[in-house]
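Colleague: Pasting the relevant annotations from Swiss-Prot:
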type	residues	note
BINDING	GLY157, VAL158, SER159, ARG160, CYS161, GLY162, LYS163, THR164	ADP binding site
Amino acid sequence: MDNVVDRHVFYISDGTAITAEVLGHAVMSQFPVTISSITLPFVENESRARAVKDQIDAIYQQTGVRPLVFYSIVLPEIRAIILQSEGFCQDIVQALVAPLQQEMKQDPTPIAHRTHGLNPGNLNKYDARIAAIDYTLAHDDGISLRNLDQAQVILLGVSRCGKTPTSLYLAMQFGIRAANYPFIADDMDNLTLPTSLKPLQHKLFGLTIDPERLAAIREERRENSRYASLRQCRMEVAEVEALYRKNQIPCLNSTNYSVEEIATKILDIMGLNRRMY
């Protein structure tokens, strides 16, 4: 493996820059380098584009290394200014559009903000996503057991195993109505599936975690407590995993997975439709 090299990476767009970030991060993850990321959204006029160019040039002058620039910009006059910079510039969308244009024998009609902006064609989808987020927040950590039948998935697990961030990611990224229910220390003496969840067993998904990792996470929250002790964590994890087995609840060990990976595995295992926004 080559030596690790620091590089400055720009993600530039005339919109939110989310597309530039996602594709740029995917590309950069293939290289063993430490990067310093700079995201610049809404570069929509020439004066802002020139300021961005100056920022790129300044880093080049300071480091002697060309910054990497991933951009997605519709207006050619704005693109031209960025291309005059000292950065190594890559039009991430055009790299995919050009071969598709040839294959489909059809010219694209690029419009700024089409991917993540609001327009009459996607308002219903946007409203559905906001409703999913509201639902998920209202049903976080067992706050409310009302309307659980409206959930598309109900995550179960001990405290600090990743239920809340995964639920929110499912709602925000995919518009999934995700509730979650915690099993706490007081439940462990006689752990059973709550009556309110039994009719919804087809929507239940369990999260578990290595006790050592759980103890480390809890220690940051409540140092030197029984709650964070390895013995307590081992007991809780063992009890919850036994409950999953007894009730045939699909489950996943979240220890070595990111929130994005956990959410994607849940969608796959539960057969939930992915909806991109």
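Each Cβ is built from the backbone N, Cα and C atoms, and glycine gets one as well.
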Colleague: May I ask which residues of the same chain, at least 6 positions away in sequence, place their Cβ under 8 angstroms from the Cβ of CYS161 (ADP binding site)?
Modeller: LEU207, THR208, ILE209, LEU214, SER254
Colleague: Which three-state DSSP class does THR164 (ADP binding site) fall into?
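Modeller: In the DSSP reduction, THR164 (ADP binding site) maps to helix.
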Colleague: Find, for the listed binding-site residues ARG160, LYS163, the residue with the lowest Cβ contact count at a 10 Å cut-off, counting only other Cβ atoms.
Modeller: ARG160
Colleague: Can you tell which of GLY157, GLY162 has the most other C-beta atoms within 10 Å, given these are the binding-site residues?
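Modeller: Comparing the binding-site residues GLY157, GLY162, the most crowded Cβ belongs to GLY157.
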Colleague: Sequence gap of 6 or more, Cβ distance under 8 Å: name the residues on the same chain that satisfy this around VAL158 (ADP binding site), in order along the sequence.
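Modeller: In sequence order, the residues whose Cβ lies under 8 Å from that of VAL158 (ADP binding site) (at least 6 apart) are PRO182, PHE183, ILE184, THR208, ILE209, LEU214, CYS233, GLU236, VAL237, VAL240.
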Colleague: Beyond GLY157, VAL158, SER159, ARG160, CYS161, GLY162, LYS163, THR164, what residues of that chain have CB atoms within 8 A of the centre of the ADP site's CB atoms?
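Modeller: Counting only non-site residues, the set is ASN180, PRO182, LEU207, ILE209.
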